[in-house]
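These notes concern the structure reproduced below.
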Amino acid sequence: MASLGQIIFWSIINVIIILAGAIVLIIGFGISGKHFITVTTFTSAGNIGEDGTLSCTFEPDIKLNGIVIQWLKEGIKGLVHEFKEGKDDLSQQHEMFRGRTAVFADQVVVGNASLRLKNVQLTDAGTYTCYIHTSKGKGNANLEYKTGAFSMPEINVDYNASSESLRCEAPRWFPQPTVAWASQVDQGANFSEVSNTSFELNSENVTMKVVSVLYNVTINNTYSCMIENDIAKATGDIKVTDSEVKRRSQLELLNSGPSPCVSSVSAAGWALLSLSCCLMLR
């Protein structure tokens, strides 16, 4: 049989938990009075000097005038971009983004809140939040945006050298990448001793041109020039035969993927209330 002290102790605990649950419920309903919706962002990378896209999707809503899209950046006061009542509202936009942002207005009703960012800069890197408010509810998700430079490599045969060689060039990379060569015939071979790689700073003093030369190549073989940093990986392939030269290039952005977020404050409140009921039965 429980002592008087134990009864008082559990009574106090029950009251605290019930009050906590009630507060959470009040906050949850007070903030929105609606359900929370799913918002999904996609981690992506921006190429310096070019236009980029910060991807964000949400549950579609045909009531365009009731949709509010806000983009925020960690460490920046003001908004990156705001769209509401069917049009842009840039009255609170931070100056570093002026004239550089736009949403895909004709795709908002189908759930596209992606942000177009013009003339990507190194300083655009960081954590962004895509915040959505519709007639169905509200939600948000974070996005990690990396900035750098990356480009396709081009491989050519250098017939002017004393022995046949391959020259791999890529015009713009940042941060400085690693470069490696591979051969279809000599798989696993280390070509570092028969290749030479250099980096030349471009005129804007940020990005660099990558040049790598592979010596003593043989015909009827396929060689690959691989350039990679923490943002992207590019591969250029070349096949040299007696009669022709075949080339192929591809570029892959690294560490890209979805980041869904579903808020559920109300559920937490009900969980606390359920716990308090269990304790009251003790």
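Quick reminder: no glycine exception, Cβ is built from N, Cα and C everywhere.
Quantities reported herein were computed from a predicted structural model and do not represent experimental measurements.
Annotation comment: Swiss-Prot describes 1-24 as signal peptide.
Sequence annotations record features per position, and here Swiss-Prot assigns domain 'Ig-like V-type 1' to 35-144 based on sequence analysis.
With a cut-off of 8 Å between CB atoms and residues at least 6 apart in sequence, the same chain places Val39, Thr41, Leu54, Cys56, Ile69, Gln70, Trp71, Ala113, Leu115, Asn140, Ala141, Asn142, Leu143 near Cys130 (disulfide bond), listed in sequence order. Taken from Swiss-Prot, the feature disulfide bond covers Cys56-Cys130 (among others).
Per Swiss-Prot, the feature domain 'Ig-like V-type 2' maps to 153-241; the stated evidence is sequence analysis. Mean pLDDT for the domain 'Ig-like V-type 2' (153-241) in this predicted model: 92.
Under the DSSP three-state reduction, Cys168 (disulfide bond) is assigned to strand. Neighbours of Cys168 (disulfide bond), defined as other CB atoms within 10 A of its CB across all chains, total 25. The disulfide bond annotation in Swiss-Prot covers Cys168-Cys225 (among others).
Positions annotated as N-linked glycosylation site by Swiss-Prot: Asn216. When secondary structure is read from DSSP and collapsed to three states, Asn216 (N-linked glycosylation site) falls in the coil class.
Annotation comment: Swiss-Prot describes Gly257 as GPI-anchor amidated glycine, evidence class sequence analysis.
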- Task: Run through the Cβ atoms and count how many others sit within 10 Å of the one on Asn216 (N-linked glycosylation site).
- Result: 12
- Number of other Cβ atoms within 10 Å of the Cβ of Cys56 (disulfide bond) across all protein chains: 26
- Note on the structure: Students should find that the Cα atoms of Cys225 (disulfide bond) and Asn216 (N-linked glycosylation site) sit apart, in Å rounded to an integer, by 15
- Message: Give me the CA-CA distance between Asn216 (N-linked glycosylation site) and Cys168 (disulfide bond), in Å, as a whole number.
- Response: 14
